[in-house]
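S.K.: This is the structure I want to talk about, given as C-alpha coordinates.
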Amino acid sequence: MPFSSTTPIISGVQLENMGIIAWESVVAGSAVNEGIMPRVGYTVLAVIIGVFSVFGIVLNVAVVVVTLRHRALRQPLNFALVSLAVADLGCAVCGGLPTTLTNAMGYFSLGRAGCVLEGFAVAFFGIAGLCSVAVIALERCLVVCRPVGSLSFSCRHAVAGVALAWLWSFLWNTPPLFGWGRFELEGVRTSCAPDWYSRDWANVSYIICYFLLCFALPFSVILVSYARLLWTLRQVSRLEMSEGGSTSRAETQVACMVVVMVMGFMLTWLPYAAFALSVILDPDLYIDPVIATVPMYLAKSSTVFNPIIYILMNRQFRERAVPLLLCGRNPWAGDPGDSESDTTVSSVSRSNKISPDPLTRD
(Lines of atoms letter the chains of each structure in order from A and count residues from 1; the text may use other names and numbers.)
(Lines give C-alpha, C1' and ligand atoms only; values in the text may rest on other atoms or scores of the structure.)
Protein backbone atom coordinates (compact mmCIF):
# COMPACT_ATOMS: atom_id res chain seq x y z
CA MET A 1 0.00 0.00 0.00
CA PRO A 2 1.86 3.04 -1.22
CA PHE A 3 2.00 6.10 1.01
CA SER A 4 3.81 9.33 0.25
CA SER A 5 6.36 10.54 2.75
CA THR A 6 5.61 14.19 1.92
CA THR A 7 1.84 14.33 1.47
CA PRO A 8 -0.26 13.96 4.64
CA ILE A 9 -3.37 12.55 2.93
CA ILE A 10 -3.44 10.66 -0.38
CA SER A 11 -6.51 9.18 -2.03
CA GLY A 12 -6.64 5.96 -4.00
CA VAL A 13 -6.66 7.82 -7.35
CA GLN A 14 -3.66 9.89 -6.36
CA LEU A 15 -1.84 6.78 -5.28
CA GLU A 16 -2.48 5.16 -8.63
CA ASN A 17 -1.32 8.23 -10.59
CA MET A 18 1.74 8.80 -8.41
CA GLY A 19 2.68 5.16 -7.88
CA ILE A 20 5.67 5.07 -10.22
CA ILE A 21 6.99 8.47 -9.13
CA ALA A 22 6.58 7.63 -5.43
CA TRP A 23 8.33 4.29 -5.89
CA GLU A 24 11.24 5.82 -7.79
CA SER A 25 11.67 8.44 -5.08
CA VAL A 26 11.89 5.74 -2.44
CA VAL A 27 14.43 3.72 -4.41
CA ALA A 28 16.55 6.73 -5.29
CA GLY A 29 16.41 8.43 -1.92
CA SER A 30 18.37 6.40 0.59
CA ALA A 31 17.01 8.34 3.52
CA VAL A 32 14.71 7.62 6.42
CA ASN A 33 11.04 8.34 5.68
CA GLU A 34 10.82 10.83 8.54
CA GLY A 35 7.71 12.36 7.00
CA ILE A 36 5.89 9.20 8.05
CA MET A 37 7.60 8.41 11.34
CA PRO A 38 10.72 9.60 13.21
CA ARG A 39 13.90 7.54 13.07
CA VAL A 40 13.38 6.12 16.55
CA GLY A 41 10.03 4.73 15.44
CA TYR A 42 11.66 2.64 12.73
CA THR A 43 14.21 1.40 15.25
CA VAL A 44 11.42 0.30 17.60
CA LEU A 45 9.65 -1.51 14.74
CA ALA A 46 12.92 -3.19 13.76
CA VAL A 47 13.35 -4.49 17.32
CA ILE A 48 9.74 -5.71 17.51
CA ILE A 49 9.71 -7.53 14.19
CA GLY A 50 13.24 -8.82 14.84
CA VAL A 51 12.21 -10.39 18.14
CA PHE A 52 9.10 -11.96 16.58
CA SER A 53 11.16 -13.27 13.65
CA VAL A 54 13.84 -14.87 15.82
CA PHE A 55 11.31 -16.52 18.14
CA GLY A 56 9.22 -17.61 15.16
CA ILE A 57 12.23 -19.21 13.48
CA VAL A 58 13.37 -20.98 16.66
CA LEU A 59 9.93 -22.34 17.58
CA ASN A 60 9.01 -23.51 14.09
CA VAL A 61 12.42 -25.06 13.44
CA ALA A 62 11.98 -26.96 16.72
CA VAL A 63 8.63 -28.29 15.51
CA VAL A 64 10.10 -29.50 12.23
CA VAL A 65 13.17 -31.03 13.92
CA VAL A 66 11.22 -33.00 16.54
CA THR A 67 8.85 -34.23 13.85
CA LEU A 68 11.76 -35.53 11.79
CA ARG A 69 13.39 -37.09 14.86
CA HIS A 70 10.37 -38.87 16.32
CA ARG A 71 8.37 -41.27 14.23
CA ALA A 72 5.46 -41.13 16.67
CA LEU A 73 4.79 -37.54 15.58
CA ARG A 74 4.72 -38.36 11.87
CA GLN A 75 1.05 -39.30 11.95
CA PRO A 76 -1.58 -38.15 9.40
CA LEU A 77 -3.42 -35.93 11.89
CA ASN A 78 -0.17 -34.04 12.56
CA PHE A 79 0.66 -33.29 8.91
CA ALA A 80 -1.29 -30.03 8.89
CA LEU A 81 0.46 -28.90 12.09
CA VAL A 82 3.85 -29.41 10.45
CA SER A 83 2.59 -27.65 7.32
CA LEU A 84 1.66 -24.67 9.48
CA ALA A 85 5.13 -24.68 11.06
CA VAL A 86 6.83 -24.73 7.65
CA ALA A 87 4.63 -21.87 6.41
CA ASP A 88 5.34 -19.81 9.52
CA LEU A 89 9.05 -20.52 9.18
CA GLY A 90 9.01 -19.32 5.58
CA CYS A 91 7.09 -16.21 6.57
CA ALA A 92 9.56 -15.39 9.36
CA VAL A 93 12.63 -15.92 7.17
CA CYS A 94 11.38 -14.31 3.94
CA GLY A 95 9.29 -11.58 5.55
CA GLY A 96 10.39 -10.97 9.12
CA LEU A 97 14.14 -10.76 8.58
CA PRO A 98 14.04 -8.47 5.51
CA THR A 99 11.53 -6.20 7.26
CA THR A 100 13.82 -6.04 10.28
CA LEU A 101 16.63 -4.87 7.99
CA THR A 102 14.55 -2.28 6.14
CA ASN A 103 13.10 -0.91 9.39
CA ALA A 104 16.60 -0.64 10.82
CA MET A 105 17.58 1.39 7.76
CA GLY A 106 14.38 3.45 7.87
CA TYR A 107 13.42 2.87 4.24
CA PHE A 108 12.89 0.01 1.79
CA SER A 109 16.33 -0.65 0.32
CA LEU A 110 15.70 -3.81 -1.71
CA GLY A 111 14.44 -2.17 -4.90
CA ARG A 112 11.41 -2.96 -7.01
CA ALA A 113 12.43 -6.58 -7.63
CA GLY A 114 13.01 -7.05 -3.91
CA CYS A 115 9.58 -5.63 -3.15
CA VAL A 116 7.89 -8.06 -5.54
CA LEU A 117 9.85 -11.05 -4.22
CA GLU A 118 9.29 -10.15 -0.57
CA GLY A 119 5.61 -9.39 -1.15
CA PHE A 120 5.09 -12.68 -2.97
CA ALA A 121 7.01 -14.74 -0.38
CA VAL A 122 5.18 -13.25 2.61
CA ALA A 123 1.78 -13.56 0.91
CA PHE A 124 2.50 -17.11 -0.28
CA PHE A 125 3.69 -18.44 3.08
CA GLY A 126 1.12 -16.38 4.99
CA ILE A 127 -1.89 -17.66 3.05
CA ALA A 128 -0.47 -21.21 3.06
CA GLY A 129 -0.31 -20.97 6.86
CA LEU A 130 -3.82 -19.54 7.05
CA CYS A 131 -5.14 -22.34 4.85
CA SER A 132 -3.27 -24.87 7.00
CA VAL A 133 -5.14 -23.51 10.04
CA ALA A 134 -8.39 -24.03 8.11
CA VAL A 135 -7.32 -27.60 7.26
CA ILE A 136 -6.56 -28.27 10.94
CA ALA A 137 -10.01 -26.99 11.93
CA LEU A 138 -11.74 -29.04 9.24
CA GLU A 139 -9.84 -32.23 10.09
CA ARG A 140 -10.72 -31.92 13.77
CA CYS A 141 -14.35 -31.35 12.91
CA LEU A 142 -14.45 -34.40 10.61
CA VAL A 143 -12.74 -36.71 13.12
CA VAL A 144 -14.49 -35.48 16.27
CA CYS A 145 -17.98 -34.74 14.98
CA ARG A 146 -18.14 -37.39 12.25
CA PRO A 147 -20.50 -35.39 9.98
CA VAL A 148 -19.92 -37.93 7.18
CA GLY A 149 -20.19 -40.99 9.38
CA SER A 150 -17.36 -43.14 10.67
CA LEU A 151 -14.29 -41.65 9.02
CA SER A 152 -11.00 -43.50 8.86
CA PHE A 153 -8.60 -40.60 8.56
CA SER A 154 -5.69 -41.83 6.46
CA CYS A 155 -2.38 -40.54 5.21
CA ARG A 156 -3.99 -39.88 1.84
CA HIS A 157 -6.54 -37.51 3.40
CA ALA A 158 -3.85 -35.66 5.35
CA VAL A 159 -1.57 -35.22 2.33
CA ALA A 160 -4.49 -34.03 0.22
CA GLY A 161 -5.40 -31.39 2.81
CA VAL A 162 -1.83 -30.06 3.07
CA ALA A 163 -1.35 -30.10 -0.71
CA LEU A 164 -4.60 -28.20 -1.20
CA ALA A 165 -3.50 -25.51 1.27
CA TRP A 166 -0.19 -24.88 -0.53
CA LEU A 167 -1.60 -25.14 -4.05
CA TRP A 168 -4.42 -22.75 -3.15
CA SER A 169 -1.93 -20.20 -1.84
CA PHE A 170 0.31 -20.57 -4.89
CA LEU A 171 -2.66 -20.25 -7.24
CA TRP A 172 -3.79 -16.91 -5.81
CA ASN A 173 -0.41 -15.33 -5.10
CA THR A 174 1.23 -15.81 -8.49
CA PRO A 175 -1.15 -13.63 -10.62
CA PRO A 176 0.58 -10.35 -9.55
CA LEU A 177 3.80 -11.75 -11.00
CA PHE A 178 2.09 -11.87 -14.40
CA GLY A 179 0.18 -8.59 -14.37
CA TRP A 180 -3.10 -9.37 -12.59
CA GLY A 181 -2.72 -7.36 -9.41
CA ARG A 182 0.60 -6.15 -8.02
CA PHE A 183 2.74 -5.88 -4.91
CA GLU A 184 3.46 -2.45 -3.43
CA LEU A 185 4.97 -0.85 -0.34
CA GLU A 186 2.67 -0.93 2.68
CA GLY A 187 2.27 0.88 5.98
CA VAL A 188 5.41 2.81 6.88
CA ARG A 189 6.96 1.77 3.54
CA THR A 190 9.44 -0.80 4.78
CA SER A 191 7.69 -3.96 3.54
CA CYS A 192 5.54 -5.01 0.60
CA ALA A 193 2.13 -6.65 0.18
CA PRO A 194 -0.71 -6.88 -2.35
CA ASP A 195 -1.76 -3.41 -3.47
CA TRP A 196 -5.08 -2.82 -1.71
CA TYR A 197 -5.39 0.81 -2.84
CA SER A 198 -5.08 0.88 -6.64
CA ARG A 199 -8.37 1.45 -8.46
CA ASP A 200 -7.15 -0.08 -11.72
CA TRP A 201 -9.88 -2.55 -12.71
CA ALA A 202 -7.46 -5.46 -13.16
CA ASN A 203 -6.06 -4.85 -9.68
CA VAL A 204 -9.52 -4.35 -8.13
CA SER A 205 -10.83 -7.61 -9.58
CA TYR A 206 -7.79 -9.46 -8.26
CA ILE A 207 -8.03 -7.92 -4.79
CA ILE A 208 -11.74 -8.82 -4.49
CA CYS A 209 -11.06 -12.44 -5.49
CA TYR A 210 -8.03 -12.54 -3.22
CA PHE A 211 -9.94 -11.25 -0.21
CA LEU A 212 -12.91 -13.59 -0.69
CA LEU A 213 -10.93 -16.74 -1.45
CA CYS A 214 -7.82 -16.25 0.70
CA PHE A 215 -9.30 -14.52 3.75
CA ALA A 216 -13.08 -14.94 3.89
CA LEU A 217 -13.14 -18.60 2.80
CA PRO A 218 -10.53 -19.95 5.28
CA PHE A 219 -12.03 -17.79 8.02
CA SER A 220 -15.49 -19.27 7.34
CA VAL A 221 -14.12 -22.82 7.37
CA ILE A 222 -12.42 -22.18 10.72
CA LEU A 223 -15.50 -20.65 12.34
CA VAL A 224 -17.94 -23.29 11.04
CA SER A 225 -15.65 -26.21 11.91
CA TYR A 226 -14.92 -25.07 15.46
CA ALA A 227 -18.53 -24.03 16.04
CA ARG A 228 -19.63 -27.53 15.04
CA LEU A 229 -16.96 -29.02 17.30
CA LEU A 230 -18.07 -26.96 20.29
CA TRP A 231 -21.72 -27.81 19.60
CA THR A 232 -20.88 -31.53 19.52
CA LEU A 233 -18.99 -31.31 22.79
CA ARG A 234 -21.90 -29.43 24.33
CA GLN A 235 -24.35 -32.13 23.23
CA VAL A 236 -22.14 -34.86 24.69
CA SER A 237 -21.87 -32.93 27.95
CA ARG A 238 -25.65 -32.51 28.20
CA LEU A 239 -26.19 -36.20 27.56
CA GLU A 240 -23.72 -37.18 30.26
CA MET A 241 -25.24 -34.78 32.78
CA SER A 242 -28.76 -36.05 32.02
CA GLU A 243 -27.50 -39.54 32.84
CA GLY A 244 -26.20 -38.35 36.19
CA GLY A 245 -22.60 -37.83 35.08
CA SER A 246 -20.51 -34.71 34.71
CA THR A 247 -18.52 -33.00 32.02
CA SER A 248 -15.20 -34.81 31.62
CA ARG A 249 -11.87 -33.08 31.94
CA ALA A 250 -11.01 -34.04 28.36
CA GLU A 251 -14.13 -32.34 26.99
CA THR A 252 -13.40 -29.18 28.97
CA GLN A 253 -9.83 -29.09 27.72
CA VAL A 254 -10.92 -29.51 24.11
CA ALA A 255 -13.43 -26.68 24.48
CA CYS A 256 -10.79 -24.41 26.05
CA MET A 257 -8.31 -25.16 23.31
CA VAL A 258 -10.87 -24.43 20.61
CA VAL A 259 -11.60 -21.05 22.18
CA VAL A 260 -7.88 -20.28 22.40
CA MET A 261 -7.36 -21.27 18.77
CA VAL A 262 -10.21 -19.11 17.49
CA MET A 263 -9.14 -16.15 19.62
CA GLY A 264 -5.54 -16.51 18.47
CA PHE A 265 -6.63 -16.56 14.86
CA MET A 266 -8.89 -13.54 15.28
CA LEU A 267 -6.18 -11.57 17.12
CA THR A 268 -3.56 -12.10 14.43
CA TRP A 269 -5.54 -12.17 11.19
CA LEU A 270 -8.90 -10.48 11.66
CA PRO A 271 -7.47 -6.92 12.04
CA TYR A 272 -5.56 -7.28 8.76
CA ALA A 273 -8.61 -8.70 6.99
CA ALA A 274 -10.77 -5.86 8.36
CA PHE A 275 -8.17 -3.32 7.23
CA ALA A 276 -8.09 -4.79 3.72
CA LEU A 277 -11.89 -4.88 3.50
CA SER A 278 -12.13 -1.24 4.61
CA VAL A 279 -9.75 -0.14 1.87
CA ILE A 280 -11.58 -2.22 -0.74
CA LEU A 281 -14.95 -0.73 0.18
CA ASP A 282 -13.66 2.85 0.44
CA PRO A 283 -10.55 3.50 -1.71
CA ASP A 284 -10.44 7.14 -0.56
CA LEU A 285 -10.30 6.11 3.09
CA TYR A 286 -7.21 7.57 4.76
CA ILE A 287 -5.50 5.45 7.38
CA ASP A 288 -2.39 6.77 9.03
CA PRO A 289 0.60 4.67 7.90
CA VAL A 290 1.63 3.94 11.48
CA ILE A 291 -1.89 2.74 12.36
CA ALA A 292 -2.02 0.71 9.13
CA THR A 293 1.19 -1.04 10.21
CA VAL A 294 -0.39 -2.48 13.37
CA PRO A 295 -2.61 -5.13 11.68
CA MET A 296 0.26 -6.07 9.36
CA TYR A 297 2.55 -6.76 12.29
CA LEU A 298 -0.17 -8.65 14.14
CA ALA A 299 -0.54 -10.95 11.14
CA LYS A 300 3.22 -11.50 11.04
CA SER A 301 3.23 -12.23 14.78
CA SER A 302 1.22 -15.37 14.05
CA THR A 303 4.56 -17.05 13.26
CA VAL A 304 5.13 -17.06 17.04
CA PHE A 305 1.59 -17.56 18.32
CA ASN A 306 0.79 -20.46 15.98
CA PRO A 307 3.47 -22.86 17.25
CA ILE A 308 2.61 -21.95 20.85
CA ILE A 309 -1.13 -22.53 20.41
CA TYR A 310 -1.16 -25.44 17.97
CA ILE A 311 2.06 -27.22 18.89
CA LEU A 312 3.35 -26.42 22.36
CA MET A 313 -0.15 -26.84 23.85
CA ASN A 314 -0.12 -30.34 22.35
CA ARG A 315 1.45 -32.74 24.84
CA GLN A 316 2.98 -35.02 22.22
CA PHE A 317 4.87 -32.17 20.57
CA ARG A 318 5.56 -30.34 23.82
CA GLU A 319 7.23 -33.33 25.49
CA ARG A 320 9.75 -33.41 22.65
CA ALA A 321 10.05 -29.75 21.65
CA VAL A 322 10.47 -28.22 25.12
CA PRO A 323 13.57 -30.29 26.04
CA LEU A 324 15.06 -29.34 22.67
CA LEU A 325 14.44 -25.64 23.32
CA LEU A 326 15.51 -25.73 27.00
CA CYS A 327 18.61 -27.90 26.60
CA GLY A 328 17.05 -31.07 28.00
CA ARG A 329 14.85 -29.54 30.71
CA ASN A 330 11.07 -29.92 30.67
CA PRO A 331 9.06 -28.14 33.41
CA TRP A 332 5.93 -30.07 32.37
CA ALA A 333 7.51 -33.52 32.45
CA GLY A 334 5.36 -36.18 34.06
CA ASP A 335 2.21 -34.04 34.31
CA PRO A 336 -0.58 -36.65 34.22
CA GLY A 337 -3.28 -34.07 33.69
CA ASP A 338 -2.14 -33.01 30.24
CA SER A 339 -4.44 -34.92 27.98
CA GLU A 340 -5.29 -32.05 25.69
CA SER A 341 -2.85 -33.22 23.04
CA ASP A 342 -4.78 -36.43 22.60
CA THR A 343 -8.19 -34.80 22.72
CA THR A 344 -7.39 -32.21 20.08
CA VAL A 345 -7.46 -35.02 17.55
CA SER A 346 -9.99 -37.15 19.38
CA SER A 347 -13.28 -38.63 18.27
CA VAL A 348 -16.69 -39.05 19.80
CA SER A 349 -17.06 -42.70 20.62
CA ARG A 350 -20.25 -44.69 20.31
CA SER A 351 -20.83 -44.25 24.01
CA ASN A 352 -20.78 -40.48 23.50
CA LYS A 353 -17.49 -40.09 25.35
CA ILE A 354 -14.48 -38.17 24.15
CA SER A 355 -11.78 -40.72 23.51
CA PRO A 356 -8.26 -40.33 22.13
CA ASP A 357 -7.78 -41.35 18.52
CA PRO A 358 -5.43 -44.33 18.34
CA LEU A 359 -3.52 -42.68 15.53
CA THR A 360 -2.02 -40.21 17.98
CA ARG A 361 -0.75 -42.76 20.46
CA ASP A 362 2.99 -43.23 20.77
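The backbone N, Cα and C atoms fix where each Cβ goes, glycine too.
Feature list, courtesy of TrEMBL:
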TRANSMEM  42-67  transmembrane segment
DOMAIN    59-310  domain 'G-protein coupled receptors family 1 profile'
TRANSMEM  79-99  transmembrane segment
TRANSMEM  119-138  transmembrane segment
TRANSMEM  150-171  transmembrane segment
TRANSMEM  204-231  transmembrane segment
TRANSMEM  252-274  transmembrane segment
TRANSMEM  294-313  transmembrane segment
REGION    334-362  region 'Disordered'
COMPBIAS  342-351  compositional bias 'Low complexity'
S.K.: Near the transmembrane segment (150-171), which same-chain residues lie under 8 Å Cβ to Cβ, leaving out any that are not at least 6 residues past its ends?
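M.R.: Same-chain contacts beyond the flanks: 76-77, 79-80, 83, 123-125, 127-128, 131-132, 134-135, 138-139, 142-143, 213-214, 357, 359.
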S.K.: Take the transmembrane segment (42-67) and find every residue of the same chain, 6 or more past its ends, with a Cβ under 8 Å from one of its Cβ atoms.
M.R.: 32-33, 73-74, 78, 81-82, 85-86, 88-89, 91-93, 96-97, 99-101, 103-106, 188, 190, 293, 297, 300-301, 303-304, 307-308, 311-312, 317, 320-321, 324-325
S.K.: Is the transmembrane segment (252-274) packed against any residues at least 6 beyond its ends, judged by a Cβ distance under 8 Å, and which are they?
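M.R.: Beyond its ends, the transmembrane segment (252-274) has Cβ neighbours at 130, 133, 137, 144, 211, 215-216, 219, 222-223, 226, 229-230, 233, 294-296, 298-299, 301-302, 305-306, 309-310, 313, 339-340, 343-344, 346, 354.
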S.K.: Report, as numbers and ranges, every residue of the chain located at least six residues beyond the transmembrane segment (204-231) whose Cβ falls under 8 Å of a Cβ in that stretch; write 'none' if there are none.
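M.R.: Residues packing against the transmembrane segment (204-231) from afar: 127, 130-131, 133-134, 137-138, 140-141, 144-145, 147, 168-169, 172, 175-176, 180-181, 194-196, 198, 254-255, 258, 261-262, 265, 269-270, 273, 276-277, 280.
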S.K.: Which whole number is the mean pLDDT over the domain 'G-protein coupled receptors family 1 profile' (59-310)?
M.R.: 87
